């Protein structure tokens with residue numbers, strides 16, 4: 001039995017191994033299987049002379065030197081899988097053949113060749129794979145969404161899947177998360193180290209000023225919130241809508257304009273805005289703009305020069321040829337005429353008509369230009385119903401500028417401003433307009449007579465009394481000063497300028513609002529003559545409550561209640577004294593005014609009834625030429641005594657409390673100027689009202705009948721009027737309609 005088993009085993013070993021592999025039908029096949037994996041070597045002996053066990057041993061034996069070659073251990077990355085349906089049988093056989101050939105060893109070359117021969121001849125299998133029917137190529141393929149002919153899926157399965165739904169709250173949540181993700185965290189800046197012991201005196205002073213500014217702002221907001229239900233809210237705009245048309249015509253279109261209006265229509269505000277815009281326009285050539293006025297007072301208010309000073313004609317009484325020779329000898333005056341492109345004239349109502357004609361002819365001769373005013377653009381303003389020009393001779397009647405022969409050719413448009421800002425009461429504004437025209441109704445006369453009652457206010461301020469002459473003003477103020485007790489403080493102005501002649505310089509500055517010398521006492525009623533802040537403007541009335549330096553004022557602001565009640569601690573007084581001593585040591589030692597000088601502390605009453613304290617320190621007033629040369633300059637505290645004021649100096653001012661005695665009025669327009677300074681009937685007292693004192697020149701009434709509103713500048717064009725013909729031929733906007741007297745006022 002043992003021999004039979006060995007014999008059977010030997011016969012099985014002599015038979016090829018491939019013959020034992022069953023086929024798909026369950027019958028053992030004699031064909032070779034697919035070759036082994038790459039890198040695995042196996043010895044296959046088809047014929048053997050050894051014993052059966054030896055043949056088995058040699059069939060599975062691995063020599064120790066078979067793996068000495070490193071190439072046998074390098075496994076290559078497999079190729080990407082290719083579907084079997086697309087692989088041809090012949091190619092697969094060739095690849096298998098090459099793989100088997102590369103894995104054979106060199107030591108058994110003959111045996112390997114015989115094995116390959118057998119595998120190549122016996123690889124054909126009995127398995128029959130089904131062949132798919134051939135598909136002809138389609139030249140016109142249908143859309144990707146169409147159903148395939150060989151597929152059972154509906155066409156909807158081949159469409160692009162719909163986007164997933166998103167609920168609203170999920171979308172909102174995603175947005176919030178996205179915003180948080182995009183926000184980049186920032187490391188907070190390290191706060192600057194504050195060392196109170198390591199600050200300079202100037203830094204401490206700036207901090208104190210900032211603290212005072214914040215406290216004042218908070219108090220103002222508190223006052224406004226407490227009074228907003230009792231006081232009407234005033235909305236004051238720098239430039240009103242109708243005034244913007246004038247500003248555009250002057251700055252953008254370069255037209256020569258004369259704009260006028262009753263008292264309180266914003267002529268001064270509009271003129272300042274025009275000057276500002278023109279200087280911005282010619283900022284590279286500042287000497288192209290000449291800012292002038294008919295009087296020194298008006299010139300100081302707009303920081304310009306008088307018209308006579310600009311022209312270089314002195315009094316201007318000589319004939320034009322002599323004046324031209326005089327100007328040509330003065331190189332500066334000649335250059336001013338040649339360089340000027342825009343000439344601004346304020347308060348033209350006091351410019352004589354003959355002088356206007358002389359200036360127009362001088363401009364044409366000096367500039368050698370035949371156009372009106374030698375091609376210079378004119379910006380003129382004033383109210384001819386107010387103070388008239390002063391005639392040269394006593395027997396000669398005053399001649400207004402609009403009566404000059406060159407007025408109509410030099411001025412392209414004459415504009416009337418009708419919106420009144422100063423008087424918020426329509427009834428009071430109508431009363432003033434009737435007085436302006438010289439046509440008083442019985443009702444208006446009775447209303448003015450009822451204003452003779454005394455003014456009663458619950459504070460220490462009195463109404464400012466207006467007088468026609470300067471002597472009356474000085475007498476009234478001196479009498480009131482004599483009634484006050486206490487020390488008199490004198491403040492002298494510091495004058496300077498390019499004019500070395502002291503007398504001539506003082507003559508120029510004599511018309512300035514700031515006096516050369518002013519005497520004040522505690523309790524003096526004063527008026528502010530400089531715009532300081534929004535609520536403290538030119539014309540604000542106040543009372544002097546103390547005299548102190550800047551250091552004391554800082555201490556006063558912090559302890560205002562203690563100052564009022566007279567309660568002080570010795571420590572507080574010592575602290576204030578040390579502060580004054582420290583600042584005094586830092587003062588200038590060059591002979592100028594030191595910071596320890598005491599200045600008047602004034603308590604101003606604002607329109608809403610609140611108080612405002614201001615330490616009035618020196619301000620500057622300049623008389624400046626177009627080229628920037630300052631002919632004269634005055635530094636003085638911005639205050640004047642305000643118990644009494646001249647009508648001439650009051651022109652252009654806005655006063656909350658006014659007292660007028662019309663029995664002393666002697667000139668046309670004086671009554672209207674005096675009464676129109678008031679803002680309401682509650683702050684106006686009129687003594688000895690006489691309708692015969694209300695005098696208006698008939699030529700002025702005739703002139704104002706043919707004026708156009710400012711808004712008509714942007715309306716449609718009409719054929720030009722003879723008196724409004726534009727000499728330079730430029731296309732422009734013409735007057736649309738004539739405004740009747742009743743409609744204008």
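Using the three backbone atoms N, Cα and C, a Cβ is placed for every residue, glycine included.
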From the ranges 1-39, 40-78, grab the one Swiss-Prot calls region 'Disordered'.
1-39
Can you say which of 670-689, 690-709, 710-729 is given as DNA-binding region in Swiss-Prot?
670-689
Neighbourhood of the ATP site (261, 262, 263, 264, 265, 266, 267, 268): other residues with Cβ within 8 Å of the Cβ centroid, in order?
383, 417, 420, 421, 422
Using a 10 angstroms cut-off on Cβ to Cβ distances, just flag whichever of 264, 266 is the loneliest among these binding-site residues.
264
For 262, 265, 268, listed as binding-site residues, tell me which one has the smallest number of other Cβ atoms within 10 Å.
268
So what's near the DNA-binding region (670-689) in sequence-distant terms, Cβ-Cβ under 8 Å and 6+ beyond its ends?
262-264, 385-387, 422-425, 427-428, 432, 435-436, 445, 447-449, 451-455, 463, 466, 468, 607, 647, 650-651, 653-663, 695-696
Across the whole of the DNA-binding region (670-689), what does the mean pLDDT come to? Round it, please.
86
Nonlocal neighbours by CB distance (under 8 Å) for residue 261 (ATP binding site), same chain, sequence gap 6 or more:
267, 383, 416, 417, 418
